[in-house]
Amino acid sequence: MARMSFVIAACQLVLGLLMTSLTESSIQNSECPQLCVCEIRPWFTPQSTYREATTVDCNDLRLTRIPSNLSSDTQVLLLQSNNIAKTVDELQQLFNLTELDFSQNNFTNIKEVGLANLTQLTTLHLEENQITEMTDYCLQDLSNLQELYINHNQISTISAHAFAGLKNLLRLHLNSNKLKVIDSRWFDSTPNLEILMIGENPVIGILDMNFKPLANLRSLVLAGMYLTDIPGNALVGLDSLESLSFYDNKLVKVPQLALQKVPNLKFLDLNKNPIHKIQEGDFKNMLRLKELGINNMGELVSVDRYALDNLPELTKLEATNNPKLSYIHRLAFRSVPALESLMLNNNALNAIYQKTVESLPNLREISIHSNPLRCDCVIHWINSNKTNIRFMEPLSMFCAMPPEYKGHQVKEVLIQDSSEQCLPMISHDSFPNRLNVDIGTTVFLDCRAMAEPEPEIYWVTPIGNKITVETLSDKYKLSSEGTLEISNIQIEDSGRYTCVAQNVQGADTRVATIKVNGTLLDGTQVLKIYVKQTESHSILVSWKVNSNVMTSNLKWSSATMKIDNPHITYTARVPVDVHEYNLTHLQPSTDYEVCLTVSNIHQQTQKSCVNVTTKNAAFAVDISDQETSTALAAVMGSMFAVISLASIAVYFAKRFKRKNYHHSLKKYMQKTSSIPLNELYPPLINLWEGDSEKDKDGSADTKPTQVDTSRSYYMW
């Protein structure tokens, strides 16, 4: 009985093969166009169901028109890589056609394809033609169309109802065209669309509610569109979306608000975007997210505290090939219980904290090879790893520092080094060494450092102010992460900003030099003198520290101020603990150079000067005019001397009186004179001295005094 069944089955198989052979022979010999291949081939439906279909393959034959003797039984017609630009009625008899491939031809208009009456067509390939627009209802006869590939064309315009009639469309490829806008009305006719690829179009931007009609969309690709921002409501309505790609755009931050509107997202691709940092809340409460890619980001420098928060289903994170990624906060992950694979290779990481790994209870594998690892206490846990975590490519894990261990394998070094505390190290690429910003903008400087124990981070401004997280200022704000925010930056805010990371082991510093509108205040000067107010007889000056050292330790041993103009030069010793002086008894409308010279306890000298002109005074007495008047009076007296002896007597009397009145100006009129001012003014000016006196006292010991910017002194 079994043998009989076997014989029957064998006969059926032979009969089937014979019928297939006869069918193929019939198609090939009597109804197959010349040079084409006609046969039964495997075919998969858009739902990936396997079938066999009568196929006519006329690919790459340089045809200029469709062959005329096609069988009406044809189900798949392949005409890829030909030179066809227009059809007549060759397709009208192909009632059973389910797939049509016109890719890589010369069509410029969809109407010229001749798609009328192809009611059974499910897949249409029109990619790599020269189509420039899609007009209203251009595909309305394709009621069963499920896949439309019209990518890599020249389409710049799509009418609002271009996809009318395509209610069964599941997959739409519009990528690599010339679209500048995305119109949500396109999708009103495609409610069942599941896959949309619209990347590599020069769109001006994504708009709110752009994809709202696509409630059944499962995959959206927005790659290579030069997008710089994603509005908060751009993804509203995509309740079924599972896969989203922003690959190769210009996003500078994670579009966290938009991502919160996609509740069922499982796969997110943010690769190759210039995102600077992943910060708190960027990936939060994404309850279905399983895989996240943040690879190949040329500007990514840090993953901050709580950057990944409450992601209960995340199993894989890839953050590789980021050349500036040098810092991952020890608390970067919070409530990420399912993470199994953590890929961090080929970055600029010096270390990864043990606490970071311990916060991931289900972690199975980690990759940190091909990073410039610092082999000290921060990664000492690797050698004492007692978990089941597998390090991928451990033989590619080498020390980059300290210098004596450079090039050694990590595990080899950590066996020798068991220290539990180590110096802070500021991440090299966390902020730029130099930058030029526009006046009035807000500037952010991100300073990140790793050490055990965790370091305190603060900043020192160009004028020596220390900025901490407790600092209250309208100009500066420091986050707990170490980011300095400078609001409404002005030219006077330019200079060298120093980040200091400090713990019990010591400190590390790094400097950023900021230009404002291309201008940089002289950063080589430790101090700079400014004119705050000018009057006819006085000048109010102040000075500021402009140093890249910590000014809390900056001490001056002496300070000297010099006032100079063509008629007078004098010098004064001033107290070292003040920043403001009022210079009085000056002449109106006169040019002066005011210089401040300070010396520190190491006898290093710094000098800053400013030129200033006093204001005009209507009733000010001009000395040169007085001198001219005096000479004229003498001449007139001589002329009238012969007239009256009495007049001569009066003249000499007045002359004698004026001489007594101006006795104190004789020295003042000497251009090269340098006088001690205590001859002219009250005893308060005994703080001052002439140039000669300054030289005598220059070597005197002066107790260093810490600079106090709150005091103001007056010179009379």
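Yeah, the Cβs are placed from backbone N, Cα and C, and that goes for glycine too.
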- [ ] If you have Swiss-Prot open, could you say which of Cys375, Cys377, Cys499 makes the disulfide with Cys447?
- [x] Cys499
Open item on the list: Among Asn69, Asn385, which is the one flagged in Swiss-Prot as N-linked glycosylation site?
Closed with: Asn385
- [ ] Give the number of CB atoms, excluding that of Cys447 (disulfide bond) itself, located within 10 Å of its CB.
- [x] 28
Open item on the list: Counting only residues 6 or more past its boundaries, what in the same chain has a CB within less than 8 Å of a CB in the repeat 'LRR 6' (192-213)?
Closed with: 151, 167-182, 184, 219-238, 245, 247
Open item on the list: Helix, strand or coil by DSSP: which one applies to Cys499 (disulfide bond)?
Closed with: strand
- [ ] List the residues of the same chain that sit at least 6 positions away from Cys499 (disulfide bond) in sequence and have their Cβ under 8 Å from its Cβ, in sequence order, or write 'none'.
- [x] Ile426, Phe431, Leu445, Cys447, Ile457, Tyr458, Trp459, Gly482, Leu484, Thr509, Arg510, Val511, Ala512
- [ ] Translate the DSSP assignment of Cys447 (disulfide bond) into the three-state scheme.
- [x] coil
